[in-house]
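Below is one structure, written out as structure tokens; comments come after it.
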Amino acid sequence: MKSFQLREAIVDLLVRIEQDSGYSHLLIDHEIRTRDISPKDEALMTEIVYGTIQHKLTIDYYLESFVDRKKKLKLWVRMLLRMSLYQMQFLDKVPDHAIIHEAVEIAKHRGHKGIASLVNGVLRSVQRKGVPDTAKIKDDTKRLAIETSHPEWLVKRWKNMYGFQLTRSMCYANLERKPLSVRVQPLKISREAIMEELAELGFETRKSDFSEQGVIVDEGNILHTRLFEEGYVTIQDQSSMLVTEMLNADSGMTVLDACSAPGGKVTHTAEKMRDEGTIVAYDLHAKKAKQIQKKADQLDLTIINAKAADARELQELHDKETFDRILIDAPCSGFGVIRGKPDIKYNKQEEDIEHLAKIQAEILNSVAPLLKKDGLLIYSTCTVDKMENEDLVKRFLANNPEFQVDNTFFEELPDKVQTSPGVSEIGLQLFPHSFSTDGFFLTRLKRV
Ligand SMILES: C[S@@+](CC[C@H](N)C(=O)[O-])C[C@H]1O[C@@H](n2cnc3c(N)ncnc32)[C@H](O)[C@@H]1O
């Protein structure tokens, strides 16, 4: 694909992502799968699209100084300017004059001379004058929000919950690339054999400390290798693997996963149980329940029975005290996975967090009675927010004295995590800057 065509396709994709917010990763995947794109163009497209979204608010702050506020830009023109500015400010692959030339050509092709001249004028001014200095913003919170492209309300909220320094580290970490981590299917192959094969193929890998099945791939795309295609490994963040490790499910147990799609943790659980026992896996959406079954089949796992149901109504389907282990990996605001899904930070409002916390509490309250005495229940989310995590669990424990945090949980955490700032008497909050994992909360409750 010619460079001009690739850049124009990126503008189209950015427009679609802006209109259909919340699904950047799916839209990018779809674009790459349906177009005939070389691996080199695929990498460049991914880098520019993710980078432009990741730095959107910073770029818009820069643009404000160069675009007349009264001028209402068409969406595609704004995306063209954002994409070009991203390349000029954050990448050093292409010289500025070439980026500007290409942007002007795209503007001519899609619009008319007037738009081309506006695009040329804005980008040449940026090139000549440089972007405004954010160090001049007096308010710390506002400056951090603009420099790291997070909404100001979210930075304020985190600052109130976790303090400024931690929030700062988290916001900067959210701009970085996370190493890929994969889970080995231990019933088919060992971790050592996988690492050897990947080394032969030229990939650099490390063992994860979070799970004996985890491997971190520092460089390279393993999605097109046979190991992935034949179900020897599956992509999973280390924090998610830790959830299943902490569930401690064993062969022969009866396990419930109340919110299980797309099936990462439930398939890991089946592997830990050596595919012996019973797992019932629910998700609200029938289509997603099918996804779980497909994932289980890909990994040759047979004990998972995936169905659609609302987790808040499972008492109608199961008797109390039925399960040895329960996992509630609740629907959440997703602020822990901003690195992989950058548009999450722009699409949520504070009211959404309150709404989600209400659903999470309803799920926990209605699912917990299904746990057997001495059984273990994991509550987890892929977010960083006390309302959805510690505060919610604290309230549950206050209202349900037959449950308590299982104190052996903390001893079982990886050594380096045991003393991390995210550990409290309620559970573990992993921050994205601490161990290069997703931001994740988990706790283990025991029915006593
Ligand atoms: C964080 S995801 C779960 C990820 C999954 N545990 C994994 O490891 O792949 C939360 C899931 O909960 C589902 N969900 C949302 N509301 C639900 C409800 N009321 N009952 C059951 N599932 C629900 C969503 O469809 C979503 O797939």
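Glycine is no exception: its Cβ is also placed from the backbone N, Cα and C atoms.
Bear in mind that TrEMBL entries carry predicted annotations, made automatically and left uncurated.
Noted in TrEMBL for the protein shown:
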ACT_SITE  Cys382  active site, nucleophile
BINDING   Cys259, Ser260, Ala261, Pro262, Gly263, Gly264, Lys265, Asp283, Asp310, Asp329  S-adenosyl-L-methionine binding site
DOMAIN    170-448  domain 'SAM-dependent MTase RsmB/NOP-type'
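Taking Cβ-Cβ distances under 8 Å and a sequence gap of 6 or more within the same chain, the neighbours of Cys259 (S-adenosyl-L-methionine binding site) are Tyr282, Asp283, Leu284, Ala311, Ile328, Asp329, Ala330, Pro331, Ile363. Cβ crowding, taken as the number of other Cβ atoms within 10 Å, peaks at Gly263 among the binding-site residues Gly263, Lys265, Asp310. Separating the Cα atoms of Lys265 (S-adenosyl-L-methionine binding site) and Cys382 (active site, nucleophile) is a whole-number distance of 13 Å. The most densely surrounded of the recorded positions Ala261, Cys382, judged by C-beta neighbours within 10 angstroms, is Cys382. Across the structure, Ala261 (S-adenosyl-L-methionine binding site) and the residue listed as 'active site, nucleophile' are spaced 14 Å apart at their Cα atoms.
Across the domain 'SAM-dependent MTase RsmB/NOP-type' (170-448), the prediction's mean pLDDT works out to 95. Residue annotation for S-adenosyl-L-methionine gives Cys259, Ser260, Ala261, Pro262, Gly263, Gly264, Lys265, Asp283, Asp310, Asp329. The furthest Cα pair among them is separated by 19 Å.
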